[in-house]
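Features of the protein shown, as given by Swiss-Prot:
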type: BINDING; residues: 9, 10, 11, 171, 211, 232, 233; note: substrate binding site
type: ACT_SITE; residues: 94; note: active site, electrophile
type: ACT_SITE; residues: 165; note: active site, proton acceptor
């Protein structure tokens, strides 16, 4: 059985005050039935690590990682640096990185491999724009993004978490219906099964990321192939984040 995960992606938001508030909120969270992860901006990883008690079981992650391990790459952050700060996971291929920083599937694959070299678990994002969905190209776009990662082979893919983020539902207030989310998640799992076998595909966690809120989380997480969520704006509210975590518990 796949253990649910709720991962908070603060994006370029937050403050030291929020770090402290979140630390207090998560101090007593029960992670026995659901994995809880928070990905703050890079400067807040250290403070959040100190604010959240080690015994809580809450994990920390980065929002991005360099495809390079070290060198003259101003502004980049290496996987080993994230690991040294206590991160266990890192988001790779988020739609905002793909769109705003022109990250190609090739770059995403390089970052996946860089994260794994550092001992991090990549959360690999795939998803389609509104134009692609309206054109009936959801499976074509998501399949292409997914295939680039699946080609790395089962030994790599079994170490990943996938996240489906319909770009048209990120920060827009629009949310994929549970039926829409389940349909794409089922497609992703079947694509993985076709490439690498059903046993691996059934173990592969697939998160949903697209305007998940306390009010819709339970219904979305109730879908057969949805294994939790990659939470954006709602992860900035400690009380709301706790509600979403509660909704993910089996």
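Cβ atoms here come from the backbone N, Cα and C positions, even for glycine.
Projection of Swiss-Prot feature records onto the structure.
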{"residue": "9", "record": "substrate binding site", "DSSP (3 states)": "strand"}
{"residue": "94", "record": "active site, electrophile", "DSSP (3 states)": "coil"}
{"residue": "165", "record": "active site, proton acceptor", "DSSP (3 states)": "coil"}
{"residue": "211", "record": "substrate binding site", "DSSP (3 states)": "coil"}
{"residue": "232", "record": "substrate binding site", "DSSP (3 states)": "coil"}
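Cβ-based crowding with a 10 Å cutoff singles out 232 as the top-ranked of the binding-site residues 232, 233. Annotation for the residue listed as 'active site, proton acceptor': spatial neighbours 94, 95, 125, 126, 127, 208, 209, 210, 230, criterion Cβ-Cβ under 8 Å with sequence separation of six or more.
Other Cβ atoms within 10 Å of the Cβ of the residue listed as 'active site, electrophile', summed over all protein chains shown, number 28.
Around the Cβ of residue 10 (substrate binding site), a 10 Å sphere holds 21 further Cβ atoms from the protein chains shown. When other Cβ atoms within 10 Å of the Cβ of residue 11 (substrate binding site) are tallied across all protein chains shown, the result is 19. Each of the binding-site residues 9, 211 was scored by the number of other CB atoms within 10 Å of its CB, and the largest score is that of 9.
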